[in-house]
Amino acid sequence: MCSKWTLLALSLLASGAAAASTADSYHPDERSVGPQPAVPPAETSTTFWFDDAQNTISSRLSAGNAGGPGKARNVIMFLGDGMSIPTIAAARTLLGQRNNRTGEEAQLSFEAFPTIGLVKTYCVNAQIADSACSATAYLNGVKANSGTIGVTAAVPRWNCGASVPSSTHTESIAAWALADGRDAGIVTTTRVTHASPAGAYAHIANRNWENDAQVRSDNQDPSLCPDIAYQLINSNPGKQFKVILGGGRREFIPSTIVDEEGTSGRRTDGRNLIQEWQADKAARNVSYQYLWNRAQLLEANENLPEYLLGLFEGSHLKYHMQSDSNEPTLAELTETAIKMLSRNEKGFFLFVEGGRIDHAHHDNRAELALDETIELSAAVARAKELLSDEDSLLIVTADHAHVMAFNGYSPRGRDILGPSNERDSNNMPYMTLSYINGPGFRQQQNGQRPDVTQEANYRVPEWMSHVDVPLGSETHGGDDVAVFASGPHHALFSGLYEQSHIPHRMAFAACFGPSSTACNAAATHHPIIFYLTPFVVLIMRYIVTL
């Protein structure tokens, strides 16, 4: 029989595991079972991935296909979390059908960009990526282990001790930009401490350690391994970001406090990081403002401070289709961020994430996923209006795919959110957009699928499409994802390459960070052409209009 102390210990372990596993309902914090693949020693170093990216850039320079001369003053990376190629195709069709067209011929804003490429999204220890290791790749230029952010593959997930040495830390392109005298910022529809935006500033062995309580729930010491929210406010480069806009207030305030909209804080260290952010800016004698609703954001646009922190929800922002006038759109957030950062004459780096595409897919809610994709497209369109192609590089990509299928043999113009024109072998309808796995599974009766079109909530935005394999949360896909590029050196982003090349190629186009050597060499070889091409383009456009 177990002693009361044994039972207590088991209870504490169970509660800790429960806290960890519920940290993110879309990405369960589960330990893998069975033997894990050996990590290739070379791939655990920053040097391996940097050399791989830089050698590829050099090869393209030698071949004369690095995208031509020019230099990006500003760089914006738009990330559609989980925005697979089928998601893009279905979203463009929905956009067209919402405008009373057949739909297939429509175009999302970034589909008009002059260059498109593909990237491989696997992680060092994972065939199919999560948003943490992929963020380390596309923002830090280094592939890492699943579930880790801003550290090399020498750090296994959950291993706090392994992440302590600075030698395991990787720098993001945001840090490279700041070191070059430019400004930086992040915008997201998720919590600002979520895996994707955290890739711009955090070094952590577990993506779910968004607050100190979550670090403790894994029996780790937050004084040794500070949580993600703490790092954003108190460490570089996060504390240098001029603009931080998204959700996640609960990660910044104590559990004894309820925020402006009734969400309880989750910190157990008693710290109010929002107040600490304000105190830091006051001590530095700079202007600053904290926002929590859309009205405040729109008002702030009239007289922007030097630093802006906007946390518009306790957790993630609401889906666009479920939001109200109190919550800003992604396009509005993007516009404010661009206005904030454009004041730096040297330029800026901005990360913008449409993060809830991923969440909707995890719940098999296709309409919400497509609508969030359309919202990302609107944000890209707004950026194109505000910035010049001559000095601003815009990149649109995804971190990983999802397992939504765009299937059937329907005629052109068929409702993208409805059933296929055909039926299955039992004469039951099936959806044009369905999923391989997820929570939308329906039990078969007598070996036959039910008619999902007869369900009471059929076609409401929250309705789940049918799936084949029942799971609590739909999984990511291992497909390559697209990269769309516009602006200086856009052609550099063509081809098929590692996801970890993306920040190196962006940095080359802007001539900073680890790519500055190659960039300066190219400029030295063709100095006049390199810097004057934007003016030549303007002159040629003028001549054409005569």
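Note: Cβ is positioned from N, Cα and C throughout, glycine not excepted.
Straight from TrEMBL, the features:
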ACT_SITE  SER131  active site, phosphoserine intermediate
BINDING   ASP81, ASP358, HIS362, ASP399, HIS400, HIS476  Zn(2+) 2 binding site
BINDING   ASP81, HIS194, SER196  Mg(2+) binding site
BINDING   GLU353  Zn(2+) 1 binding site
REGION    25-44  region 'Disordered'
SIGNAL    1-19  signal peptide
TRANSMEM  528-544  transmembrane segment
Recorded positions near HIS400 (Zn(2+) 2 binding site), in sequence order, restricted to SER131, HIS194, SER196, GLU353 and a 10 Å Cα cut-off: SER131
Env. residues of Mg(2+) site, Cβ within 8 Å of mean position of ASP81, HIS194, SER196 Cβ: LEU79, SER131, ALA135, THR188, THR190, ALA195, PRO197, GLU353, GLY355, ASP358, ASP399
Least Cβ-crowded entry, counting other Cβ within 10 Å, from the recorded positions listed as SER131, SER196: SER196
Candidate nearest ASP399 (Zn(2+) 2 binding site) in space, where candidates are the recorded positions SER131, HIS194, SER196, GLU353 and distance is Cα-Cα: SER131
Among HIS194, HIS400, HIS476, which are binding-site residues, the residue with the most C-beta atoms within 10 angstroms of its C-beta: HIS194
Cβ neighbours of the residue listed as 'Zn(2+) 1 binding site' where a neighbour is any other Cβ within 10 Å: 31
Minimum Cα separation from the residue listed as 'Zn(2+) 1 binding site', reported as the residue among binding-site residues ASP81, HIS194, HIS362, HIS476 that achieves it: ASP81
Length of the line joining the Cα atoms of HIS362 (Zn(2+) 2 binding site) and the residue listed as 'active site, phosphoserine intermediate', in Å: 13
ASP399 (Zn(2+) 2 binding site) CB neighbourhood, other CB atoms within 10 A: 30
Minimum Cα separation from HIS476 (Zn(2+) 2 binding site), reported as the residue among recorded positions SER131, HIS194, SER196 that achieves it: SER131
From ASP81, SER131, ASP358, the recorded positions whose CA lies within 10 Å of that of HIS194 (Mg(2+) binding site): SER131
